[in-house]
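Encoded as structure tokens, the structure appears first; notes follow it.
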Amino acid sequence: MGEAGVRRLCAANLLCGSAVALAATAPRFFLENFSVLGTPLAWLCACSASVGALSAVLYAALRPGPPSRRSSLAHKISRFLKCCMYFFMSCILFHAIVVLYGAPLIESVTETFLFAVLLSTFTTLQCLCVLGPNIQAWIRVFSKNGAMSIWDNNLQITTVCSILGAWFGAFPIPLDWDRPWQVWPISCSLGATFGYLAGLIIAPLWIHWNWKQLTYKSR
């Protein structure tokens, strides 16, 4: 881990943050009356697709995770299919958790599932891009003192911030304010998005603040 690695991390986080801004602005040129609050389904799809596509391309180019010992085409196809399966399972799991926390079971099922896709994009997809479909590596990274690189710390912070943002975003929904952004799942999706963006900012700052300790642990 060196200063060049931190610069790469900052650049990657900046590009991931710009993908959110792109998802909020670019669809206006293709969809009439598009807005984050007015067309939440379109926003969820645009944000998930934008962040997911950019993250996959970006991390494939940077290769922050450990190098794979196998480079055969069959291995790459198997790895890709496993990543797709894990991502779909993550969407189903987040959907079930959100329903257990009070989201409508039958009504707004599309909105709930797309919110689960967004949350999986901010969390599971990032882990797949960095760690691959390696559950043991995931357990190591999210265990106490399990991070072995700045990318692991970045995963920890952005994942926690995204989930906390979605959780805090649910607080205004039951309040009797009669605001359009209180409709499910607008506030939760905005909370998750702001939490993800906050994590992208906090992670490099936290790594810089704890530079000596992280450098010592990486040795």
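Note: Cβ is positioned from N, Cα and C throughout, glycine not excepted.
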Given ranges 1-19, 153-171, the stretch to which TrEMBL attaches the annotation transmembrane segment: 153-171
Residue numbers, six or more beyond the limits of the transmembrane segment (41-62), whose CB comes under 8 Å of its CB atoms: 8, 12, 15-16, 19-20, 22-24, 26-27, 31, 34-35, 110-111, 114-115, 117-118, 121-122, 125-126, 129-130, 185, 189, 193, 196
